[in-house]
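Feature annotation from Swiss-Prot assigns heme b b562 binding site to H83, H182. For H97, H196, the entry in Swiss-Prot reads heme b b566 binding site, with the evidence type similarity to another entry. Summarising the annotation, Swiss-Prot assigns ubiquinone binding site to H201. The annotation transmembrane segment is assigned in Swiss-Prot to 33-53, 77-98, 113-133, 178-198, 226-246, 288-308, 320-340, 347-367.
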Amino acid sequence: MTNIRKSHPLTKIINSSFIDLPTPSSISSWWNFGSLLGICLAVQILTGLFLAMHYTADTSTAFNSVTHICRDVNYGWVLRYMHANGASMFFICLYLHVGRGLYYGSYTYTETWNVGIMLLFAVMATAFMGYVLPWGQMSFWGATVITNLLSAIPYIGTNLVEWIWGGFSVDKATLTRFFAFHFILPFIISAMVMVHLLFLHETGSNNPTGIPSNMDMIPFHPYHTIKDILGLLLMLTALLVLVMFSPDLLGDPDNYTPANPLNTPPHIKPEWYFLFAYAILRSIPNKLGGVLALILSILILAIIPLLHTSKQRSMMFRPISQCMFWLLVADMLTLTWIGGQPVEHPYIIIGQLASILYFSIILIFMPLASLTENHLLKW
């Protein structure tokens, strides 16, 4: 008799995706982040669902409802801080996942890569709208500043901003619709994750060498499930340490002040995971130019497969490209630091130089490094 795992229509899908899936034997811990992102998404949906049971999306009660969750709901503070810091974990895993894709040439699976970019945009949109919901000072002013960027679009800009706001400023209508979108988007993301996995399983996983590994495959379970569980335990430990010991480490103190349209905070800045893009936005003096640079800083990932000039897929054996990659990582960390600093000398010029370097590395230096390596290897 055939094992029910392999014959039943439902378990067959699970079996071919997570149990008997042929996986390269050489994949390292850098391949753990996909499963960690899945866990992050599940944690965010669960904690978010329970938070939504107590939260009220109304300008007069939103801030107090969050306070009520933290003070009066049983373990409400755990839910709230797991959700807030879970978002930070989500983005740490996301950036490491994208970085691994860049380093090992996983972007040559173009469908998987492009769905991944759409997922990145969707997660960023969800996180931005979630940050508005507690209705603190940074929530209100962050929403005002970021939505106002759309007014830079010629001709339709102002009408578009007022349409998104549902009025002439960020108010009750804005908060209500942001809550609705923040609630529905994670489920859309879940569906997109299925598509991401569907495309991935069409080609199979890449591996550190970048060489096809069809000759050397092992089943996903138990070998990689055990490895993923180790990664999960490490991530959950980090998350719980953050939640239990310093839950506000990554937050902004201004968000503990209720939103006040008459009082602007001295430094308006988004959460840490958007600071690199925010620094690129601020480094261009023109509003429309800044908005375009902001969008392109993420959208540039879509043209990376076209910029792949190397004869090798992975950077494992390409030292010049490795230098360029780590220079890009250092540049992104610099941009993240600059995004959190006030707009004054010397931060302005550092931000502008780092922004130019960011686009230069991806568009010019990396393809040139690959061509140089091809030439050195007489290819």
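Glycine is treated like the rest: Cβ placed from N, Cα and C.
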- Task: Would you kindly give the Cα-Cα distance separating H182 (heme b b562 binding site) and H201 (ubiquinone binding site), rounded to the nearest Å?
- Result: 29
- Note on the structure: Other same-chain positions with a Cβ less than 8 Å from the transmembrane segment (33-53) and lying at least 6 residues past its termini are 69, 79-80, 82-83, 86-87, 89-90, 93-94, 96-97, 100, 182-183, 186-187, 189-190, 193, 228, 231-232, 235
- Message: Give me the CA-CA distance between H97 (heme b b566 binding site) and H83 (heme b b562 binding site), in Å, as a whole number.
- Response: 20
- Message: Helix, strand or coil by DSSP: which one applies to H182 (heme b b562 binding site)?
- Response: helix
- H196 (heme b b566 binding site) to H83 (heme b b562 binding site): how many Å between their Cα atoms? 24
- Query: Quick one: do the transmembrane segment (226-246) and the transmembrane segment (347-367) reach 3+ CB pairs under 8 Å, ignoring pairs fewer than 6 apart in sequence?
  - Reply: no
- Message: Counting Cβ pairs closer than 8 Å, which of 77-98, 288-308, 347-367 has the most of them with the transmembrane segment (113-133)?
- Response: 288-308
- Across all chains shown, how many C-beta atoms besides its own are within 10 angstroms of the C-beta of H201 (ubiquinone binding site)? 14
- Item | Close in space, distant in sequence - H83 (heme b b562 binding site), Cβ under 8 Å, 6 or more apart | Q44, T47, G48, L51
- Note on the structure: Within the same chain, the residues at least 6 apart in sequence whose Cβ is under 8 angstroms from that of H182 (heme b b562 binding site) are G48, T126, M129, G130, L133
